Every structure is written in structure tokens, then in C-alpha cells.
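Reviewing the structure listed below.
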Amino acid sequence: MSSRFISFEGIDGAGKSTHIAAVAAWFEQRGDTVELTREPGGTPLAETLRGLVLSQPMDAMTEVLLMFAGRRDHIVQRIQPALAQGKTVLCDRFTDSSFAYQGGGRGIPEPQLNTLADWAQRTPDGWVEPELTLWFDLPAAQAATRRAGREQQAGETADRIETQELVFFERAREAFARRAAANPARIERIDASLSVEAVWQQVLAVLVRRYPA
Ligand SMILES: Nc1ncnc2c1ncn2[C@@H]1O[C@H](COP(=O)(O)OP(=O)(O)OP(=O)(O)O)[C@@H](O)[C@H]1O
Ligand SMILES: Cc1cn([C@H]2C[C@H](O)[C@@H](COP(=O)(O)O)O2)c(=O)[nH]c1=O
């Protein structure tokens, strides 16, 4: 069985979580063993960091360092072992989110992010990066409306990052777009502004094209 590493990206409320389980089911139906995980998080240490980074006041450099520290632990403790076992790893967010949120959103310069990515993703067994990234793209205002609906429905409250102003998410979206333009072989744009069914059909089309039976 060949291993795969696939990430799901987009601004908060874009609809990643709505489709990730169906993608997992699609791979499982083909006989893959799927490891579903997320960032920040995915290991006990990284989940602890997630709790802190989404709740505690901190400056932008502290935030980005915690994101990449958690990522390193996640890679070494969970992603690499799963890939070594031939699993299909589906990860809700990865490094593109750091370029979007800490880069685009907070203004951390790209060279610094590249250095941190190099520290986190370079391991004795090689460079760890998704082979495919599904980028759920939609305008920041539409995402905010969806988040508000979700909060009302689920009785959730927005976390420290979700409470950022609209322009933060507009900058994050632009940064995702730059990443997609710079990595056309890896990042597939999904028009997430459409209905759930229309979004799923786009996701399915990418899967069928990239992973023919
Ligand atoms: N295509 C769609 N049309 C309308 N509403 C949608 C669509 N996709 C998802 N939603 C709704 O929008 C909200 C946000 O979706 P979801 O939780 O999947 O986003 P997300 O990208 O995982 O967000 P986050 O990164 O904040 O966890 C949910 O209430 C979901 O039901
Ligand atoms: C990986 C990563 C994530 N973030 C932000 C993006 C979201 O606002 C939260 C995670 O919440 P979700 O409901 O699980 O999407 O964290 C970030 O700012 N930088 C990152 O590298």
C-alpha cells in the first residue's frame, strides 16, 4: 500500500471539516487505511499547544513559534510513523495555514516562515510535505457568515484567532492564493462559495483525477 499525505486548507468557516470525513470514506472504500488528524494539534503535546495558542494572549512571533513547534512534534510523532505504515494521512491544516495566518494575517515575513518550515519539516528521513492540498477558497465575508451560523447552531464561541477582524481573513485568503500560485502541482483550489453538494463534486473530481482506480 502506498502512503499519501493530503492537507485541507482555507480560512475559518471555509468548509474543510464538512468534507474531510467524506474524503476519508472515499480512500477507505479503496482499501486505504486513513489517519485523520489536524493542526494545530494531532499529538498530546501539539493539542496542548493548540489549547494555548487559541486562547492565550501572545505576540505574533510567539504564535508562529508555537505553531511550528507543534508541527514538528506532529510530524515526528504521528505523520511520519503513519506514512511509514503505508497510511493515507488527511490533515486539517498544515504549513500553508502558517503562511496564510501568521504570514498574511499577522505580517510575519516569508523568509522567516521559510526558515521555520525548514526546521519543522526537514527530518533525518526527508522533507515532509503534503503531496496534495485541497484549498477551500471563499470570500472572507461569506466565511464569517458561515462561522456565525455554526456558532449559533452549535452554541460555540469564537476562539482567539476566529475573533480577528474581517481584513485579517482577507489577507489570509490572499496569502493562500499566493501559495496556490506558487505551488500549482500541489495545491488544488476548490470554489467553496457554492453549495455543499457542488463543493463535494469539485473535491471528488480532484480525487478521481489524482488517484485513478
Ligand atoms: N458549501 C457550504 N454552503 C453553506 N454552508 C456551508 C458549506 N460548507 C460548510 N458550511 C457550513 O459552514 C460552517 C463552517 O463549515 P466548516 O466547519 O466545515 O468549516 P471549516 O473550514 O472546517 O472551519 P474551521 O477552520 O473554522 O474549523 C458550518 O456550519 C457548515 O455546516
Ligand atoms: C495550522 C495553523 C492554524 N492556524 C489557525 C487557523 C484557525 O484559526 C485555527 C485552528 O482552528 P480550526 O478550527 O482547527 O481550523 O488555527 C494558524 O493560525 N496557523 C497555523 O499554522
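The first residue you see is number 1, and the count goes up from there.
Just so it is clear, glycine is given a Cβ too, placed from its N, Cα and C backbone atoms.
Just so you know, TrEMBL annotations never went through curation; they're auto-generated.
Marked as domain 'Thymidylate kinase-like' by TrEMBL: 8-202.
Annotated ATP binding site per TrEMBL: G10, I11, D12, G13, A14, G15, K16, S17, in sequence order. In the structure as shown, the Cβ atom of D12 (ATP binding site) sits within 10 Å of 20 other Cβ atoms. In the three-state DSSP scheme, D12 (ATP binding site) falls into the coil class.
When other Cβ atoms within 10 Å of the Cβ of A14 (ATP binding site) are tallied across all protein chains shown, the result is 27. Those same-chain residues not listed among G10, I11, D12, G13, A14, G15, K16, S17 yet with C-beta within 8 angstroms of the centroid of the ATP site C-beta atoms are F136, L138, A143, R146, A192.
Residues distinguished by a CB atom under 6 angstroms from ligand 2 are absent from the binding-site residues G10, I11, G13, K16.
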